[in-house]
Amino acid sequence: MAGSVNKVILVGNLGADPEIRRLNSGDMVANLRIATSESWRDRQTGERKDRTEWHSVVIFNENLAKVAEQYLKKGAKVYIEGALQTRKWQDQNGNDRYSTEIVLQKFRGELQMLDSRSEGGEGRSFGGGGNRNQMSDYSGGGGDFGSSGPSSGSSGGFSRDLDDEIPF
């Protein structure tokens, strides 16, 4: 068993369009602001209360950054899986500042669009794991948080003429 686990899963809405930039190395990076909300009733007053948390997400996986740039817009509902990282930086006055972010590294992390406007309202899942040569993984089912398998060519999914016969 591993000594520790650093895994963050969020389901929320984008507060703004993704911010896309390039590092000095030429690698594409996407920055997202995701809102997660919870609501409850106050036991004493019966009043409905809401609280929204804002999360900074940084995508270093070039393929996932391209997906974010092309498909994600303000208000989009997404599933994000990454790791929590805190970085130290200095402001204009030389004071140390800290930022905690959910980071999707080159070969780790997942991004799924939950309210895709594609045919049939299906969500799309894009994973960054493994050493596959395919650009991204596609999951045709909106409720599946995992990956169904590598995409085949430009079709973006599995062939529709699969044999309907179950092999067992």
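Heads up, the Cβ atoms here are built off N, Cα and C, so glycines get one too.
Quick look at what Swiss-Prot annotates:
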| type | residues | note |
| --- | --- | --- |
| DOMAIN | 5-111 | domain 'SSB' |
| DNA_BIND | 54-60 | DNA-binding region |
| REGION | 113-168 | region 'Disordered' |
| COMPBIAS | 147-159 | compositional bias 'Low complexity' |
| MOTIF | 163-168 | motif 'Important for interaction with partner proteins' |
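Helix, strand and coil counts from DSSP across the domain 'SSB' (5-111) read 10 helix, 62 strand, 35 coil. Restricting the average to the domain 'SSB' (5-111) gives a pLDDT of 95.
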